[in-house]
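Novice: Just passing along the structure, written as structure tokens.
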């Protein structure tokens, strides 16, 4: 066992003395030491209940024959951090979470790790740590929030509140109506109830083979999640005994299949960023162009908020992620013979699943679209790629051409959108918000929600080198690479330039001559860093572009 490094031999007597002080008994020294990597945090609704999950996990690990040691990571609530300096810390927190987990796991030579994530950057941060350390691991997330309901029974989520702000500012909603939505949208603990980033990643974990069926859709308040925890603990001990590690499970083919599920469910654009980062930690050289290849063979089967009024709970009641996975395997879009944490194949894990509501989960024959819900766009404005959640764009929109209205920060854009400066037919360009330029690649939920709330969702496009919340919808193109801070083409766009977006051909083109572009390049100088000390200053110097997952390189 790995843990023998700290508990066996005469020279480890001091180590054992400290372990005894921590409650380890003599008879425990021959048992596997299990790290319980938790992320309990009071201020994050998706994590406020995870202390209870950890207690269930520790009891289950002891019962299964292991010795648990709980430790915690940091976390950022993206909704609370949205629209101000706090959002610049969101994506960078992913790297801290990964590094922190690696530090505790390797410093103490755990034999296995039981990860308990839930929200946006915590889940990918822990997944990155799992494949980086390559110690036997299982995941059980905190689960999605129950959907809110108006007094009339209409489904609500956090995006309802963000879009309500835009509706109020444009006179389409009263203060009292907005207050009602604010009070009803988020009724329980758990990750936000739609197919936003947290639930996208927690669903993808089922396809990755690192979490059990039900992980992505069982609501946080369900006692069935405790059964997932107990089962996962037993599987973890088995993984340790058989020496099955995360990199045995997560392969290049696994990454393809994760994107296949993403396409079928119209997941958050952030999944592209995070899954590429996970591949990087697993030492898989994954080409961004493969994502469009996956999209071509995977139909769009399941529209969830913000693309519809369905919540994750609705998906669970309709058969869950397992039913979608089974459909994808049986149509040949996903390989069903891959190994998973259960010791069984992917198909064996989901063979029991059935689609019970074809309004929520469609079949191949009745799919919303024959191609997946995410696209990578290329063109002279994004030579290294950009991402759009086509599943959250009005189906009638195939192309969009408009004049650029350019902003050098999200705050500037937000102010002008609220003031009515953005008009129908324009392409809002928000730049210097990439991984380096932000720094931290902040999400643009406030601007996209303001556009939707003002009734411009099908009449205005928004492009950025920043990123979007999973709750964003409309013609919202993010991750434009190279970013403006690196001298990417988006740095040279000016007001009035024509930009054409083609969702069928997956292109984003900017009307400019080579001569004019060269002239604009000559007058450009790299901007001063917005942050000159602290973690964000270090992050901006080390982080890579979005097309490689926004990972840090030494």
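Placement of Cβ uses the backbone N, Cα and C atoms for every residue, glycine included.
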Novice: Taking 77, 78, 394, 465 as the options, which does Swiss-Prot list with 120, 121, 443 at the Mg(2+) site?
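Specialist: Among 77, 78, 394, 465, only 78 appears alongside 120, 121, 443 as Mg(2+)-binding in Swiss-Prot.
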Novice: Sequence gap of 6 or more, Cβ distance under 8 Å: name the residues on the same chain that satisfy this around residue 443 (Mg(2+) binding site), in order along the sequence.
Specialist: 78, 82, 87, 90, 466, 467, 468, 469, 472
Novice: Identify all same-chain residues not among 78, 120, 121, 443 whose C-beta atom falls within 8 angstroms of the centroid of the Mg(2+) site's C-beta atoms; report them in sequence order.
Specialist: 76, 81, 87, 90, 91, 119, 197, 198, 270, 469
Novice: Counting Cβ atoms within 10 Å of each candidate's own Cβ, which of the binding-site residues 78, 120 comes out highest?
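Specialist: Within the set of binding-site residues, the most crowded position is 120.
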Novice: For residue 121 (Mg(2+) binding site), what residues in its own chain, 6 or more apart in sequence, show a Cβ-Cβ distance under 8 Å?
Specialist: 75, 76, 78, 90, 91, 93, 94, 97
Novice: Where does residue 78 (Mg(2+) binding site) sit in the DSSP three-state scheme?
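Specialist: The residue in question, residue 78 (Mg(2+) binding site), is helix (DSSP, three-state).
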Novice: List the residues of the same chain that sit at least 6 positions away from residue 192 ([2Fe-2S] cluster binding site) in sequence and have their Cβ under 8 Å from its Cβ, in sequence order, or write 'none'.
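Specialist: Listed in sequence order, they are 46, 79, 144, 145, 157, 158, 159, 186, 198, 199, 471.
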Novice: Within 10 Å of the Cβ of residue 119 ([2Fe-2S] cluster binding site), how many other Cβ atoms are there?
Specialist: 28
Novice: Specify the count of other C-beta atoms within 10 Å of the C-beta of residue 469 (active site, proton acceptor).
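Specialist: Its Cβ shell of radius 10 Å holds 30 other Cβ atoms.
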